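First the structure, in the form of structure tokens, and then the observations on it.
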Amino acid sequence: MSSGKSARYNRFSGGPSNLPTPDVTTGTRMETTFGPAFSAVTTITKADGTSTYKQHCRTPSSSSTLAYSPRDEEDSMPPISTPRRSDSAISVRSLHSESSMSLRSTFSLPEEEEEPEPLVFAEQPSVKLCCQLCCSVFKDPVITTCGHTFCRRCALKSEKCPVDNVKLTVVVNNIAVAEQIGELFIHCRHGCRVAGSGKPPIFEVDPRGCPFTIKLSARKDHEGSCDYRPVRCPNNPSCPPLLRMNLEAHLKECEHIKCPHSKYGCTFIGNQDTYETHLETCRFEGLKEFLQQTDDRFHEMHVALAQKDQEIAFLRSMLGKLSEKIDQLEKSLELKFDVLDENQSKLSEDLMEFRRDASMLNDELSHINARLNMGILGSYDPQQIFKCKGTFVGHQGPVWCLCVYSMGDLLFSGSSDKTIKVWDTCTTYKCQKTLEGHDGIVLALCIQGCKLYSGSADCTIIVWDIQNLQKVNTIRAHDNPVCTLVSSHNVLFSGSLKAIKVWDIVGTELKLKKELTGLNHWVRALVAAQSYLYSGSYQTIKIWDIRTLDCIHVLQTSGGSVYSIAVTNHHIVCGTYENLIHVWDIESKEQVRTLTGHVGTVYALAVISTPDQTKVFSASYDRSLRVWSMDNMICTQTLLRHQGSVTALAVSRGRLFSGAVDSTVKVWTC
């Protein structure tokens, strides 16, 4: 082995030489000056002028044992063994040939496991450049809301500042501190080694490694071209790891150099000397121009084939999009045909309904004319026109229920604001008191004797003493909101989801007597008349015997769910979700008429009866009230004064009270 090669390899065997011998023939110029703290600074300038490195060479006075091991840096390289002659497959000549790689193209050792990047400072950094959370030099310093600077990772992991105990929130990068840290001098990673077996590992200066110190900000530039960087032989993976500066010497002695025509079938493997001899006799060497032309043609064919594949893929994608668009057009066309058929069917149904309505109107006109000719209707009485006489204002939400205490001329109103207001309807016409106690919307009110019962969305019934307007009892009545209440024969009935509960009234207590079942929806309407209870649930009205609590009859509706019920001396009336009012004969239970006119759900019904006539009042989602004469089943008046849906009705002494979503209660009289 030559003396030059021995000098190169002495560093592995513990020889005296620690620095690489500069090659004068390359034209490299070296200058040494003194940097900070009298550290020697060596500037190496290559002759071609392509790159210049300013590096601080380690001196005993500038070496430091301070080590910083970030946990998220690149992997460190394994220790380098002594290079030796080994199997290789590339020669120095092939490095300079067109078919091989350049000497500058090297392969780094594979990263087997993640380890912290070695960081050993040439001089002790100032404590002002250390994070108070991790006690190490700042890495990616940021300013937080408290004004202090920490590593970004530390600031994100810690909840509070260790100085003033303020919650940490990153505000902005601390560029000034980052630049100061970038000016610190460190030892090249290839000049450091692990000291001890702790975790995270601590690094120290390796006297056999790279002797240069560099600025932290220029670390990657230096380490990417460091002569002490471990590499592998590019020809054979079985060759041991080498230093970059020893790669060229290794390639001259490699025993695994392959023929440049190995891809065509040549099986030669040898060293540099046999490689040159083989080229003179290789059968592929004389055909290299033809082989190269063939390779070029194959390459052109591959490129053309790839272009054709791309064109085919593009055409397929366009075909797929075109098919999708055709499918969409077909679906759209089918949908339009369906809509057209549906509209045509609806128009036909509407036309038939209009014809039925016209026929019904003709029948009613004929009936009215006949009654006029017989003198039954009598003369028109302007005093029967209902007018709005006043408005009670005070609730902070929609009014859902009304109830009148005729003994004291008091009106009770329940609202979404969870309160019940007591109104004087005789003298002051003002709110006497606001009753509070429910935790939900007040949905139902009922009076029995001198007690007021209120049902709410909070599933409870509260008993109030009307004399002093105080709460006297609270009963957990249902598992769902209490929708409606009615009393009769000292018994209270409460309606909820699929259930009606029967309560015996004992003073201020309610004793559960029975639960009426067989209901399939919300019980939104309850009316007690004479000895019968009428309940509305979904599209049925059930009639119960109050004494036996048995269901004795069921009426079926066809206009949506039942929302309201009223009973007169001769008729049973119900309002439905589908804007209709159905009328049955109370004796025969036969439906006699369906009243139309509303354009919204009929929420409430009320009855005013006199010896001469009976009037039914209906309240609807369409913000209107309608007055119906039960003598001829026609609407005699429409009342429009509310600004929202009318939800509740109550009557007393010929007066009508209406509550609405506009949070008001209006008073109507003739």
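Each residue, glycine too, has its Cβ placed from N, Cα and C.
As annotated in Swiss-Prot, phosphoserine applies, among S91, S561, S618, to S91.
Of S13, S61, S81, S225, the one with phosphoserine in Swiss-Prot is S61, while the others lack that note in the record, though it may still apply to them. Swiss-Prot records phosphoserine for one of S64, S88, S108, namely S88. Residues of the zinc finger (222-276) grouped by DSSP class, helix first, strand second and coil last, total 21 helix, 9 strand, 25 coil. For the zinc finger (131-165), the DSSP counts in helix, strand and coil order read 6 helix, 9 strand, 20 coil.
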